[in-house]
Amino acid sequence: MHHFDRIDGALHAEGVPLEAIADAVGTPVYVYSTATLTRHYGLLREAVDAHRTSLGDALIAFAVKANSNLSVLATLARLGCGADTVSEGEIRRALAAGVPASRIIFSGVGKTDAELAFAIEAGVRQINVESAVELDRLIAVAAAKGAAPEIAIRVNPKIGAGGHAKITTGGATDKFGVPAEEAPALYARAAASPHVTPVGLACHIGSQITTLEPLEAAFRALREMTLALRADGLTVSRLDLGGGLGVPYHGQADLPSIADYVAMTARVLDGLEVEAAFEPGRLLAANAGVLLSRVIQVNARSDGRTFLVLDAGMNDLMRPALYDAFHDVVPVRERDGEAGAYDLVGPICESTDVFARDRRLAALEAGDLVAFMGAGAYGAVLSSEYNSRALVPEVLVDGERWAVVRGRPSYEEMWAREPKADWLG
Ligand SMILES: *Cc1c(COP(=O)(O)O)cnc(C)c1O
């Protein structure tokens, strides 16, 4: 569910007409809904709290990589949401947005020594260790500081899942996590070190997962491992269940609900007396954002193909080019009449700069506005200035009010980041 609805034929974000934002800020531009972010977090929080006996005082840590805009993070932070981070930059962003360090998890396959040291200094809640070699480095970094940070071992349960091979992380050949058969020994090794404090296990098997079965299988594997570790006298008090639950990009009605997902986790963790953590990214943010774009021209070719050339390109929304992702695209102003099928393309000089082929839309003309729905996660964060196009701006709406929360840089600002080599005069 989201808060982008038509009022008198014009698509709005909550109480604000998208046309007004496009006119004021220009296009392309991302627009986020506070109400949708709030609703999604609230549904998850409510479901998790209803299962307190199985899930403990569970942490919900938004995966910052899905949408790292400071105002988006601050919106979630004010609701009590934590942050799952994968770099020093993301930890800094979360802190700057008001997420307390005690609600920040530091994940990632390639944390540098400097990043590990920074996370220890910042006092993050937990560092998720993804390999034996990383554990050794963390122990050395922590020893030098006289610290003993709380860690979880991220297990790769060899259950890959997700909406596309390129967003699967839990498969046997994926780079993420410690192979399940090695994890117990690594956990014991961590417990034997005075420089780290193992508190639990973590997993994250993929993204845009649309059935509960693979998630349940992975959580069962964590449960079994928890029991085995405890039988060896080790303490396991937290289970980090990762993110990965899918959202209805195609308007699917048969996706697992948040309530079903959480009920499943409660069933699997029941009786373990662990504190659970959830790391949703897409689930909270995807439907809370749209990308607004204007039609530059309609190129009806004599071979029968009609290209709708948009002013948004793959540099603004990379998901279709990167992993064949589907976004519903709708005219911002309601139009009558069916056109033929359009190929929706951007202006970038790459053949992968195609958002959709043979998409049936109402007849559109140059200057018309369209909205890419479900663009709030893995949208703006993946944008670039390829083709020297200014970085796409972001707007946050809250009821009747709205604010530019990342501005479009001027060309002067872009060039200013590139000081000329002094010998070039
Ligand atoms: C990306 C990621 C997430 C969030 O994934 P979604 O599919 O957006 O929910 C959670 N945890 C980790 C470790 C991640 O890398």
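Glycine residues also receive a Cβ, built from the backbone N, Cα and C atoms like all the rest.
What TrEMBL says about a protein is an automatic prediction, not a curated fact.
In TrEMBL this protein carries:
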type	residues	note
ACT_SITE	CYS349	active site, proton donor
BINDING	GLY244, GLU279, PRO280, GLY281, ARG282, TYR378	pyridoxal 5'-phosphate binding site
BINDING	ARG282, ARG319, TYR323, GLU350, TYR378	substrate binding site
DOMAIN	30-376	domain 'Orn/DAP/Arg decarboxylase 2 C-terminal'
DOMAIN	44-286	domain 'Orn/DAP/Arg decarboxylase 2 N-terminal'
MOD_RES	LYS65	N6-(pyridoxal phosphate)lysine
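When Cβ neighbours within 10 Å are tallied across all protein chains shown, the highest count among the binding-site residues TYR323, TYR378 belongs to TYR378.
Of the recorded residues, ARG282 (pyridoxal 5'-phosphate binding site) and LYS65 (N6-(pyridoxal phosphate)lysine) place their C-alpha atoms 10 Å from one another. Between the two most distant C-alpha atoms of the annotated pyridoxal 5'-phosphate binders (GLY244, GLU279, PRO280, GLY281, ARG282, TYR378) there are 15 Å. LYS65 (N6-(pyridoxal phosphate)lysine) has its Cα within 10 Å of the Cα of these recorded positions: GLY281, TYR378, taken from GLY281, CYS349, GLU350, TYR378. Comparing C-alpha positions, ARG319 (substrate binding site) sits nearest to TYR378 among the recorded positions GLY244, PRO280, GLY281, CYS349, TYR378.
The Cβ of GLY281 has fewer other Cβ atoms within 10 Å than any other of the binding-site residues GLY244, PRO280, GLY281. When secondary structure is read from DSSP and collapsed to three states, the residue listed as 'active site, proton donor' falls in the coil class. Of TYR323, CYS349, GLU350, all annotated as recorded positions, the residue with the shortest Cα distance to TYR378 (pyridoxal 5'-phosphate binding site) is TYR323. A distance of 29 Å separates the Cα atom of GLU350 (substrate binding site) from that of GLY281 (pyridoxal 5'-phosphate binding site). Taken in sequence order, the recorded positions ARG319, TYR323, CYS349, GLU350, TYR378 that lie near ligand 1, meaning a CB under 6 Å from one of its atoms, form an empty set.
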